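Each remark here refers to the structure printed beneath this line.
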Amino acid sequence: MIFVFANIFKVPTVSPSVMAISVRLASTEATFQTKPFKLHKLDSGPDINVHVTKEDAVHYYTQMLTIRRMESAAGNLYKEKKVRGFCHLYSGQEACAVGTKAAMDAGDAAVTAYRCHGWTYLSGSSVAKVLCELTGRITGNVYGKGGSMHMYGENFYGGNGIVGAQQPLGTGIAFAMKYRKEKNVCITMFGDGATNQGQLFESMNMAKLWDLPVLYVCENNGYGMGTAAARSSASTDYYTRGDYVPGIWVDGMDVLAVRQAVRWAKEWCNAGKGPLMIEMATYRYSGHSMSDPGTSYRTREEVQEVRKTRDPITGFKDKIVTAGLVTEDEIKEIDKQVRKEIDAAVKQAHTDKESPVELMLTDIYYNTPAQYVRCTTDEVLQKYLTSEEAVKALAK
């Protein structure tokens, strides 16, 4: 049973996706109740009552829907053989990235694994830049040279192709923040399959030793490639994995719960208490990568059940519509605008100019004098250029 409060009136309504709602100020803001947070070595944790404004609700819904549609477009481009190399989709896990980003301040940093399209979009790249990067276009996020796994943004350090490679990188970024006496946090994202990597334990030891402002975030989607978590981990309570590092479990399919947990964890780090581990319980709809149909180690019925009962976008839409924050007509208009943006981006990904061969020698080093480029066949003196400089030169 859910009670929706509009001004002083109580209107009972029923929805399995919402535990409790209170709405004030003519439905311009609302308070929802999340699933309880599980805690490790913490006396208290985030409040389960989370507040959201209409503006933020629309923003989060639009971002999650955009990522979902963008990933669908990326999958289609791959099937058309327009995407070369690997391609890992984020469909189903949108609330993890959107909720985390919503809790970040301008100076905070993030680093993640190869499932990075959504994070790249949230870090300032347009949908067109992401899709053009996938198809090797000069208008891509990194001029078409990075592909699916290597995209970047302001204070977003990738996109890393090696399992767990971002764990020590995030620790190093947090060390730099503390060294510079900056009140910021580095959020280091990885999957459940990477929690058994030795470098995670090494990183957490150093982070706790020096009380670095780093959040280790495990996006537990249930499968490391094609292996269920219980078949590879002696304990699947990943929020306790840090032992001496405190941890929080959060429903990773609830964008507001994710935002609440990360906000609380950031306050912990900024108070000088050191690192914290967050496990976000989520799910991926696609296979590990586009080469994996995702049906040999789980059933289609399992995937459909999650879509029906736990989908982060549908669940959030039901909440904000029930609360009166948005109308069905507003939802339809958002859907229309997102489709329009995706369609335009797909067209660019097909037609924009491909990255020229001249860019192969750019971005090797920064600001160095002209010299011979090693491992090339032409004995020609080359100036080390950035891709931006090379593109400008080619345009002349």
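Count begins at 1; order follows the chain as displayed.
Heads up, the Cβ atoms here are built off N, Cα and C, so glycines get one too.
Summary of the site annotation: Swiss-Prot records Mg(2+) binding at ASN221, TYR223. Screening the candidates ASP192, ASP254, ASP292, ASP311 against this entry identifies ASP192 as the one listed for that site. Noted from Swiss-Prot: of SER44, SER289, the annotation phosphoserine belongs to SER289. Binding of thiamine diphosphate is attributed by Swiss-Prot to TYR114, ARG115, GLY161, VAL163, ASP192, GLY193, ALA194, ASN221, and within the candidate set HIS40, HIS288, HIS350 the record adds HIS288 to that site.
Record note: of SER291, SER296, Swiss-Prot gives the feature phosphoserine to SER296, with no matching annotation on the rest. Following the DSSP three-state reduction, the secondary structure of TYR114 (thiamine diphosphate binding site) is coil. With every protein chain in view, the residue among the recorded positions ASN221, SER289 whose Cβ has the most Cβ partners within 10 Å turns out to be ASN221. If you count neighbouring Cβ atoms within 10 Å for each of the binding-site residues HIS88, ARG115, HIS288, the highest count belongs to ARG115. Annotation for TYR114 (thiamine diphosphate binding site): spatial neighbours PHE86, HIS88, SER148, MET149, GLY159, ASN160, GLY161, criterion Cβ-Cβ under 8 Å with sequence separation of six or more.
Under DSSP, ALA194 (pyruvate binding site) is assigned to a helix (H, G or I) in the three-state scheme. When the recorded positions ARG115, ASP192, ALA194, TYR223, SER296 are screened for a Cα within 10 A of the Cα of HIS288 (thiamine diphosphate binding site), the ones that qualify are ARG115, TYR223. Our reading of the pyruvate binding annotation (HIS88, TYR114, ARG115, GLY153, GLY161, VAL163, ASP192, GLY193, ALA194, ASN221, TYR223) yields a largest Cα to Cα distance of 28 angstrom.
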